[in-house]
Amino acid sequence: MDEKTIKKSILSSSNDEKIIYKSRIKKFQKNHKFYIILLVFIAILQFISIAFFTRGFLLSRHVLDNISSQNETSKLPPRFNKAVILVIDALRFDFAIPVNESHSNYNLNYHNNILSLYDSFASDKDASSLLLKFIADPPTTTLQRLKGLTTGSLPTFIDAGSNFDGTVIEEDNFLKQLHLANKTVKFAGDDTWMALFHPFLSNDSFPLESLNVWDLDTVDNGVMDYFHDHLQQDKEWDVMIGHMLGIDHVGHKYGPDHFTMREKQIQVDQFIDWILKSIDDDTLLVILGDHGMDHTGNHGGDSIDELESTLFLYSKKPDMWRLKETSNYNIDNLGHDYRSVRQIDLVSSLALLMGQPIPFNNLGWPIDEIARNDREWSQFVNSAISQLQLYKDTMQIHHGNDEILEPLAKNISNTPPTSDPEKFVKLGHKYQKVFLQTCEELWAKFDYYSIATGITLLATSLVLLISITKLIPSIVVNQMVPEFVPGIIIMVLVTNLCFHGIFYVYQQPSFVDQFWGTLLATAIGIIIGCYITIFDRYNFIWIAMRLGETLADYWSRIAVMFMIIHALLFTSNSFTIWEDRIVAFLLSTFGMLTLYEFVFLPKRQSTTALLTATISEKEGTTSGVNPSTANSNYLPLTRFARLLGGYHSAVLIIFTRLASMITICREEQGEYCIPTFNNQNNSSWWVLGLCFLMIFILPACITGYYNLTSSYQAAAPIWINVFLKGILGLNFVYWSLTSLENNSAVIAIPFLRDVTIFKFTLARIIAGFSLIASNVGWLMGPLCIKLNIHNTDVKSHEATILGYTNIYGSEFFLLVINVLISILLFNKPLAQLSYFLMCNQLLSILEIIDLLKLKENIIGPIALGLLSYQHFFTTGHQATIPSVQWDIGFMLSEKVTFPFTQIAIILNTFGPHILVSLSVALLTLWSQPPDVLKPQTLLGRIVSNCGILLTYNTILCLSSFIWVTHFRRHLMVWKIFCPRFIFASLSLIVTQLVVTFGTIAFASGRLIKHINDIFWK
């Protein structure tokens, strides 16, 4: 008898056992499919609730398609027949004025490099130049700024989400007016203009890819070449527009404090100087920034640095502007007291200067300095007031401010512009300010029906999740799953039939159309279908008593306390902005409590797992636990187990603290937060050195955890010591090349000047292997076990299966490694160090949960949930728009390419949530041999732990819904509470998708069946 025969005989079973197994596995496969369908229905219910709430809360203003005409606004002769408009993206105001080198905030890289504008203004003796501070209205994303600059209207928060999906602006705007007047508008630069205005632009325009922030020169060089070719030689244009992106892209890629910013600003300054000399006397030159940038180079929020940009008007004709007193243009202290105008004021100003009607939806006010005398100024004001009053009358706007507006309008009509121009101007400006405030308040109206529907549906889904995944025993849910699915399908059909029948017979409610009615009917059908099945077996009293029993033990109460504390953070803006610190504190608290448990309370016997085991032994196998293992759960921890548990607790505490040192700060945190996650540190050699060490340390750490259960066998060495180490090495090469690009000392080396092609190739190789090849290998690869024959006599059957006690967990974690290496590619070096710490924290939590017999306790999923939120913050993110790392989207392609750009940004932003959503199954599978739990019981417990993680994220999402609604009139609602609710919604969606389709549908079902096929258990 050879060794192969011995192995086969050890794993063989009788025919009766095989028949029983086949019946069991067939039932398992059937229930597995039903579980997936049930979770999909619950996910649909939650997605519908999020959709309703988002519809009701995220505002969108009503836009009229009216177009202004010269008959509606007073006809004024044009002062200029041609205009050159140059938009310099992210031209912060202090970039364009002289800054004293002794100033505390002076920086060589971004100050005193663009002096053409101020020099022209300061040396101007004949009033041909005008330089102003230009204040943007948040959000400061480029698309929203272009809308404001061309229509004169205010953006809403929901517009920020369309920055990458611009569609043609149908409302009246400055470019449409030029088009209607048969003016030729030529354009070069940011292709966002083509997305928004292509019907109004010349076919000779030259749009360029705008979203690739890694490319600093292509757009700028294209604009400069286009202007050199067309500005003087080509006479067939009336307005020429250029939009340069280099300064903005340098900010996104490196931050403002980088030598490349100085180079780019000098290039822009030279180009401006050339334009000043090249335009003719009849051309108006407008140079402006659409927004600024913060200290990290980002924008999108409403900090001062993000809102303050630059506006420069110039003509070679003298006496074009009527300047105010010199004190209004004080550049001291970075221009803190310098005169400013709002961006919405530009539209009416340009329209009046070019002799065009003011766009219909404009809410701005002409810039004071554009009028050369009082008479002309009163004419401008008269045109502006006529347009505003026409807009108000057409919109039929009524508000509490009418008692102010109506007397003002009457006084204006009774005050002829020619007789008392000063009074007329004052009345007109006051009218505009009050009307603008009125529109801002009116556009802040919420759809309370949709908000209430969203909150109600999400709260109901929370109750369903808790009932199905925790209150009802998993072994009973196994029996009920085949009843849930048909019940839900039938009720969804019935409710849709009823809803649409009612809508057909009776008038449809005003707050819900046919599409939203279908969604609501579907949600109600899912709820009714679930509750019919539940209450067919149980009642409210039993469920309430079961809830009390579940929360009776120590660790469950700790878990609930953590959830409540986290959910209550959203009750205050002060708590919300410090969420990163609070989450780290809660995770450290869990580590301290487990350390106390191992050191001082080794004989604790009151965990839910022990009680379940006891019940299983006394009452049979109701919970699915093998009775032979029940007594082992009663045994106190051995000395070695206590030492091991103490070690893992210490690792969790220390690594949580180390991870919290990687910070990206919110503006509201002020001086109390020192950012460490920045471009300088991510490109530093010490961080790259740590990443190099991680190539060897991370595989060694994972190997150590595997050796605890003798699981470092077969597939494990290949995955951990070859694949993981190899990908980490390639990853290190990629980010080292990126660091070289940031280093002025080495960038001059010829062969290092352009490594873009090599980086793209390397990134695609890593992504292809980690996203596709490694997962195919996992599906087809061997288990992490080895048959060890003790006796040299091959006729002896004495053998040990190494890795048997952790056969599920060791194999499943290889899939986690696949996902980890996928995520690491799309994260910057400091974030990769955070993931190294996270991996060790994750494995320590799994060991702690196993040692304390807490596999069925809710503390496990909650601890993993806290881990995901901590590392969301430590990988360079906050719940704000500016913290989204858009530049990562261009690691695989030079332009926005579906789906590669989206995959990169999702893996970068939600990597920790994806890892935890996949790893939550390990709470059940880690150190779980095949002979303890039946396949169905094992799957039921995995679903239970996944359900608790979903419950945690649902509670956070529900809390954010409630409190963002409560604070809807709060000063910080759009800056703090609204972004947090969006992040909570997206986190829940990502968790639902990964848990349902990744953890349950793909990984767990396949692994359980595969292992049971081998061992016939």
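From the backbone N, Cα and C atoms, a Cβ is placed for every residue, glycine too.
Given the ranges 74-94, 179-199, 347-367, the record in Swiss-Prot names 347-367 as transmembrane segment. Of the recorded residues, N203 (N-linked glycosylation site) and N707 (N-linked glycosylation site) place their C-alpha atoms 67 Å from one another.
Take the Cα of N100 (N-linked glycosylation site) and measure to each of the glycosylation sites N182, N682, N707: the nearest one is N682. Packing around N66 (N-linked glycosylation site) is summarised by its Cβ count: 16 other Cβ atoms lie within 10 angstroms of its Cβ, all protein chains included. With all protein chains in the displayed structure included, the most crowded Cβ environment within 10 Å among the glycosylation sites N182, N203, N411, N682, N707 is that of N682. Of all the glycosylation sites in the list N66, N411, N682, N707, the shortest Cα-Cα distance to N742 (N-linked glycosylation site) is found for N682. In terms of C-beta pairs under 8 Å, the stretch of 34-54, 347-367, 558-578, 582-602 lying closest in packing to the transmembrane segment (947-967) is 558-578. Taking CA atoms as the reference points, N682 (N-linked glycosylation site) and N411 (N-linked glycosylation site) are 61 Å apart.
Within its own chain, N681 (N-linked glycosylation site) has V687, L830 as residues 6 or more apart in sequence whose C-beta sits under 8 angstroms from its own. N707 (N-linked glycosylation site) sits 87 Å from N411 (N-linked glycosylation site), taking the CA atoms of both as reference points. Count of Cβ pairs under 8 Å against the transmembrane segment (829-849): among 457-477, 582-602, 903-923, 981-1001, the largest is for 903-923. Of the candidate ranges 34-54, 457-477, 903-923, 981-1001, 34-54 contributes the most Cβ pairs within a distance under 8 Å of the transmembrane segment (515-535).
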